[in-house]
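Peer 1: OK, Swiss-Prot features for this one:
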TOPO_DOM  25-318  topological domain 'Extracellular'
REGION    25-126  region 'Alpha-1'
CARBOHYD  Asn114  N-linked glycosylation site
CARBOHYD  Asn142  N-linked glycosylation site
CARBOHYD  Asn166  N-linked glycosylation site
REGION    218-309  region 'Alpha-3'
DOMAIN    219-308  domain 'Ig-like C1-type'
CARBOHYD  Asn246  N-linked glycosylation site
REGION    310-318  region 'Connecting peptide'
TRANSMEM  319-339  transmembrane segment
TOPO_DOM  340-359  topological domain 'Cytoplasmic'
Amino acid sequence: MSLSAGLPVRPLLLLLLLLWSVAPQALPPRSHSLRYLFMGASEPDLGLPLFEARGYVDDQLFVSYNHESRRAEPRAPWILEQTSSQLWLHLSQSLKGWDYMFIVDFWTIMGNYNHSKVTKLGVVSESHILQVVLGCEVHEDNSTSGFWRYGYDGQDHLEFCPKTLNWSAAEPGAWATKVEWDEHKIRAKQNRDYLEKDCPEQLKRLLELGRGVLGQQVPTLVKVTRHWASTGTSLRCQALDFFPQNITMRWLKDNQPLDAKDVNPEKVLPNGDETYQGWLTLAVAPGDETRFTCQVEHPGLDQPLTASWEPLQSQAMIIGIISGVTVCAIFLVGILFLILRKRKASGGTMGGYVLTDCE
């Protein structure tokens, strides 16, 4: 999936950043993560950057960097006072190094795909996109895990395996790059050292700096709604306005968990105000809706929260509205009837004045 000069490239960049920053990162409760997202285009003149980086702690943006400025910019209030610290200096140097390596890796991958970066006379070249996500997680038991993945033109491409110091090819086109990079043992060891040592240490330091902000938790609200379509009836469980992102949603039938294969995967998306929303859908037989319950677990909740579709409450609300409107209508008709009757009995007078027709 390549990108041509005629496409609206900036919205696509934002979309790809959103998908890479949210979709793959479902974390278990009480774990913490440090992630860096890199993205660049082979034809930056088309509106995409040659290299752009963003750093996230527990899904909160705290630093950004681009090839043009070659400067790390603080993006969170709790990091502003650290821009002269050794931590920030080390981070800035790392981003500059990743900037250089990203471009070298980009040309390597393009060359192995035979995607020339030289534009022929009179031919509009295509712009290709490289994405990288790398970082680490520190779990509740203090164990750590790291990840380093490449994507090319919107598709999974390569993934680094710290235990074997090798790369795993996600598609046949990545095999040539895998073989070449597997020979670079010094770089592989540097990658492993970063994922297993430097990254967790940096994450713990950032968590200390952001204490009181990063630890904030916003519990979710849960509701279940019913929907009809030509394909049948479904229930939708919605978890609203929660933070952090990690959440577990499941369906229960008669208070027993359903098999995962019978349920559509949960979806979690950002609201734009540093909170998230998630939903989980389930196809049900008509009449069985009340047998199902949605159960939600989140770090902001003291215990799992459950919600069910409540048809009686919905029907009662509708009946109440109709009844209220009917009573109001009868009341207004009664008042109008009394006014007309009084007017007729008074012979057309009101308050001592005689009502006459206008001439």
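Keep in mind that glycine also has a Cβ here, set from the backbone N, Cα and C atoms.
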Peer 1: Within 10 Å of the Cβ of Asn114 (N-linked glycosylation site), how many other Cβ atoms can you find? Include all protein chains, please.
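Peer 2: So the number of other Cβ atoms within 10 Å of Asn114 (N-linked glycosylation site) is 7.
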Peer 1: Nearest by CA distance to Asn166 (N-linked glycosylation site): which of the glycosylation sites is it, out of Asn114, Asn142, Asn246?
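Peer 2: With Cα distances computed to Asn166 (N-linked glycosylation site), the winner among Asn114, Asn142, Asn246 is Asn114.
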Peer 1: Here are the glycosylation sites: Asn142, Asn166, Asn246. Which has the lowest count of other Cβ atoms within 10 Å?
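Peer 2: If we count Cβ atoms within 10 Å for the glycosylation sites Asn142, Asn166, Asn246, the smallest count is at Asn142.
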Peer 1: Measuring Cα to Cα, how many Å separate Asn142 (N-linked glycosylation site) from Asn246 (N-linked glycosylation site)?
Peer 2: 18
Peer 1: Count up the helix, strand and coil residues in the region 'Alpha-1' (25-126) according to DSSP, in that order.
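Peer 2: Looking at the region 'Alpha-1' (25-126) with DSSP, the answer is 36 helix, 26 strand, 40 coil.
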Peer 1: Under the DSSP assignment, what numbers of helix, strand and coil residues are found in the region 'Alpha-3' (218-309)?
Peer 2: 6 helix, 52 strand, 34 coil
Peer 1: Three states by DSSP: which one describes Asn166 (N-linked glycosylation site)?
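Peer 2: The residue in question, Asn166 (N-linked glycosylation site), is strand (DSSP, three-state).
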